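Only one structure is covered here, and it is reproduced in the block below.
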Amino acid sequence: MRIAISGGGTGGHIYPALAFIKEVQRRHPNVEFLYIGTENGLEKKIVERENIPFRSIEITGFKRKLSFENVKTVMRFLKGVKKSKSYLAEFKPDAVIGTGGYVCGPVVYAAAKMGIPTIVHEQNSLPGITNKFLSKYVNKVAICFEEAKSHFPSEKVVFTGNPRASEVVSIKTGRSLAEFGLSEDKKTVLIFGGSRGAAPINRAVIDMQDVLKTRDYQVLYITGEVHYEKVMNELKSKGAADNMVTKPFLHQMPEYLKAIDVIVARAGATTIAEITALGIPSVLIPSPYVTANHQEVNARSLGQHDAAIVLKETELSGEKLIEALDRIVLNEQTLKEMSERTKSLGVPDAAARLYSVLEELKK
């Protein structure tokens with residue numbers, strides 16, 4: 001079996017693709033993959049590290065306002081389609097899967113026009129422009145939020161969930177918090193603002209230090225590498241809480257999640273998939289800087305089921321953050337109920353569901 005995959009720009013499009021690749025490899029050890037991305041995108045570095053064959057095309061995203069750049073983008077799209085067709089003709093895949101980001105546009109479009117079975121996987125509650133465009137041409141659209149269904153041709157939509165959920169659930173032996181000098185007997189909160197960190201979350205954490213010092217729970221706080229030095233200087237000046245460990249980045253984060261009781265994070269699709277699969281209660285602070293404010297819609301899908309406390313960035317403060325944490329961590333019943341509600345929204349077999357869609361197409 002041969003499968004071509006495309007998706008990139010952010011980890012939210014790349015990691016679900018890699019999780020799906022692992023699922024197929026588990027079932028078919030001799031499967032061959034080709035990943036098509038951009039030369040300068042995050043996907044090249046991540047995918048090649050996994051020893052997956054990688055080819056690149058040149059493509060940029062559309063601007064939302066009319067501009068000459070969009071004319072250039074159309075030209076790049078057409079060139080990308082031509083190049084994708086040559087890659088696909090050489091590789092001869094049984095199916096092509098796009099996981100979002102503008103790079104998958106020319107690749108999946110080319111595959112559809114060549115008559116190759118195609119799937120797009122939409123991770124968010126509000127779909128991106130590329131997947132909406134591709135939905136007219138592909139065989140199936142796999143979604144992770146019921147809210148996304150109305151944006152696609154209904155006869156093509158299949159609810160699969162995010163394969164990243166299957167990956168975190170499959171981790172049998174997690175890493176120990178003792179690596180960071182944290183107690184394995186205390187309730188633990190993980191705070192992080194995405195791969196690059198988030199300045200507003202960092203500000204709130206710094207501001208809540210005096211109150212945090214008096215709490216019996218502990219915090220593992222990830223600043224993001226670009227913010228680390230500035231945050232450490234401020235914590236040194238203010239006096240950091242003894243029950244908090246601060247790191248710039250957490251490699252292999254999924255391996256630590258089973259030791260975490262509550263998460264404070266943005267509301268990206270990967271985060272939602274992971275915490276719902278594991279049943280981890282959360283305080284979600286959606287990024288307002290994403291397309292169509294889709295993170296807030298993601299967050300509300302948990303908030304409306306009382307599976308998360310949602311704080312908008314405009315209302316975030318140290319006081320509000322510690323209040324939200326206290327509501328969950330200091331009440332065993334609340335913690336237990338939120339964990340159960342969160343887990344009820346998870347799709348731990350998402351990778352297997354997406355694989356089933358692929359198998360159906362190949363018949």
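The backbone N, Cα and C atoms fix where each Cβ goes, glycine too.
As recorded in Swiss-Prot:
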BINDING   T10, G11, G12, N124, S195, Q295  UDP-N-acetyl-alpha-D-glucosamine binding site
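All features noted in Swiss-Prot, drawn onto the structure.
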residue: T10; record: UDP-N-acetyl-alpha-D-glucosamine binding site; Cβ contacts under 8 Å, 6 or more apart: L42, G101
residue: G11; record: UDP-N-acetyl-alpha-D-glucosamine binding site; Cβ contacts under 8 Å, 6 or more apart: L42, I46, S195, T270
residue: G12; record: UDP-N-acetyl-alpha-D-glucosamine binding site; Cβ contacts under 8 Å, 6 or more apart: G100, Q123, N124, G268, A269, T270
residue: Q295; record: UDP-N-acetyl-alpha-D-glucosamine binding site; Cβ contacts under 8 Å, 6 or more apart: R266, A267, G268, P286, S287, P288
Exercise. Within 10 Å of the Cβ of N124 (UDP-N-acetyl-alpha-D-glucosamine binding site), how many other Cβ atoms are there?
Worked result: 27
Problem set entry | Distance in Å spanning the most remote Cα pair of T10, G11, G12, N124, S195, Q295, given for UDP-N-acetyl-alpha-D-glucosamine | 18
Problem set entry | C-beta crowding around S195 (UDP-N-acetyl-alpha-D-glucosamine binding site), within 10 angstroms | 17
